[in-house]
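Chemist: The structure is given below, and queries will be raised subsequently.
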């Protein structure tokens, strides 16, 4: 069982230890974590850049995966609601590029992709990856009744 996280840019070396710590905690739930790091396009036209990067994302989504895109216009979920998304053997989370993604192209090409939000704040990619990993661990802890999540 695998969780893929598609994002842009490589992970800074100093953050790899933090990612690995969270990944190791997730492994106890029999899931592997795969980072799919894409290169941002240097296109100056922002709409064209978003379209090209969205096409790159669509090509990298693993087959037979339940897929979710993080976007500020997505559905805001609680940790308990997020844990319910972890009921599939293969899951893919997408973190768009610095200008986001072409959401219309995503919706047209893959209407099965859910749009999620962790709130109205904007995060650096390196921080958001860590937040996603922590929420995956928290979600599994909720799902399997482990003592980690204390809120209702």
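From the backbone N, Cα and C atoms, a Cβ is placed for every residue, glycine too.
Under the heading S-adenosyl-L-methionine binding site, Swiss-Prot lists 69, 96, 118, 119, 120, 121, 122, 123.
Please situate the listed features within the shown structure.
Modeler: Under the DSSP three-state reduction, residue 120 (S-adenosyl-L-methionine binding site) is assigned to coil, being neither helix nor strand.
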Chemist: Let me know the DSSP-derived helix, strand or coil state of residue 96 (S-adenosyl-L-methionine binding site), please.
Modeler: coil
